[in-house]
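Input: a single structure, listed below in structure tokens.
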Amino acid sequence: MFKQFLNNLRLVFLGTKLCVLIPAIPLAILGQCYGFMTRQWIFALSLLGLAPLAERMSFLTEQIAYFTGPTVGGLLNATCGNATELILALFALRERKILVLKYSLLGSVLSNLLLVLGSSLFLGGLANLKMEQTFDRKQADVNSLLLLLGLLCHVLPLIFGTSIEPQLLDDMDQNSVVWLSRTSGILMLVAYGAYLFFQLRTHRQFFEAEGEDEDELSENEAVIGFWSAFIWLVAMTIIVAILSEYVVGTIEAASDSWKISVSFISLILLPIVGNAAEHAGSVIFALKNKLDITLGVALGSATQISMFVVPVSVIVAWTMGIPMDLDFGLLETSCLGFSIILTAFTLQDGNSHYIKGVVLCLSYAVIAACFFFHKMPASESLYQR
């Protein structure tokens, strides 16, 4: 049993190149408990520690999926694939930092659509200059449709709120926006459930290429037992919850110390670190000219956050008595809309080359620059909207 424990310990903690960031985890916890670090250093170490934890949680979920069959395994991957973002969102809700929550979820979608997918297409195109890079459009079309539906659910509360003159806007109108958002959130979850049924049951052939390629690159048997993987997954979830609490609690201190707006930290830095593992995996598959898997990683994650994590946050806020809505603001919603449309146009012809990746990456850089110069009015604005 001791040898098995050591073997599992090696596989869980040393089975990723991100293991070099694992020492940041105990340093952040000790710094918070004993107070020998400033709050901005606790924020930085907690943020770095979340990167390997997110990748390892994905690995453990895949190990459990070996024992549950393809349908349940696919459902597990679909619901736990962005567990880090969901946990971080829940802690932001508990602190009632609604804008931090909205910016972090929006940033995760933008990061997957533009940065992860863009860098994958760019590097994959350079590595395969003499080869034609093609992919199955069916998967991209389905994800694009869901992302557009999610965009509609963000646009309508925004238009509803701005269509009324500010001096005429009363509590009833504000409550109407919240109730519209809650209704939209429920419908988004219904759409995501239909998407899972479509993906795992009725039209699995649309996504079979992804599964076959992954089987070629990984072993056909689990390397960790079911209960070992389950216990490690629970432990990782607890650590992620601890670090997420630190990140949410120290984000203003980091912003004040580094002279960087909270909007930039929440929308750019948090998602880049949280999506580091997905980013690396997506690029590796693109370099091997396996774009179907790249699209499955980037678009699948963006769809999951937009259609699952966001509405779940709205519903959980409802149960907590917090009036969270889907109005992310005019600037933020515009960035989301242009990103979805740009990605859909990029993938419409079923082939890829490096210039498409360049355009997506530069689009992400423009959005990052916009929010770098976008200053939030005051720290209390984090608790509003």
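Note: Cβ is positioned from N, Cα and C throughout, glycine not excepted.
So that you can see what the record holds, here are the features copied from TrEMBL:
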{"type": "TRANSMEM", "residues": "12-30", "note": "transmembrane segment"}
{"type": "DOMAIN", "residues": "41-200", "note": "domain 'Sodium/calcium exchanger membrane region'"}
{"type": "TRANSMEM", "residues": "42-60", "note": "transmembrane segment"}
{"type": "TRANSMEM", "residues": "72-93", "note": "transmembrane segment"}
{"type": "TRANSMEM", "residues": "105-125", "note": "transmembrane segment"}
{"type": "TRANSMEM", "residues": "145-164", "note": "transmembrane segment"}
{"type": "TRANSMEM", "residues": "176-198", "note": "transmembrane segment"}
{"type": "TRANSMEM", "residues": "224-248", "note": "transmembrane segment"}
{"type": "DOMAIN", "residues": "229-372", "note": "domain 'Sodium/calcium exchanger membrane region'"}
{"type": "TRANSMEM", "residues": "260-277", "note": "transmembrane segment"}
{"type": "TRANSMEM", "residues": "297-318", "note": "transmembrane segment"}
{"type": "TRANSMEM", "residues": "330-348", "note": "transmembrane segment"}
{"type": "TRANSMEM", "residues": "354-373", "note": "transmembrane segment"}
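Contact between the transmembrane segment (260-277) and the transmembrane segment (105-125) is supported: at least 3 Cβ pairs lie under 8 Å, counting only residues 6 or more apart in sequence. Panel annotation: around the transmembrane segment (12-30), residues 36-37, 42, 45-46, 48-49, 51-53, 55-56, 59-60, 224, 232, 239, 242-243, 246, 276-277, 280 of the same chain, lying at least six beyond its termini, place a Cβ under 8 Å from a Cβ of the stretch. Two recorded stretches are said to be in contact when at least 3 C-beta pairs lie under 8 angstroms, sequence spacing 6 or more; the transmembrane segment (105-125) and the transmembrane segment (224-248) fall short of this definition.
When Cβ distances are compared across the two stretches, the transmembrane segment (145-164) makes contact with the transmembrane segment (176-198), since 3 or more pairs at least 6 residues apart fall below 8 angstroms. Across the range of the domain 'Sodium/calcium exchanger membrane region' (229-372), the DSSP-based residue counts are 120 helix, 2 strand, 22 coil. The highest tally of CB pairs under 8 A with the transmembrane segment (224-248), across 42-60, 176-198, 330-348, is held by 42-60. Residues 78-79, 81-82, 85-86, 89-90, 93, 98, 101, 105, 108-109, 112-113, 116-117, 120, 139-140, 143-144, 146-147, 149-150, 181-182, 184-186, 188-189, 191-192, 195, 275, 278, 281-282, 285, 324-326, 343 of the same chain sit 6 or more residues outside the transmembrane segment (297-318) yet have a Cβ under 8 Å from a Cβ within it.
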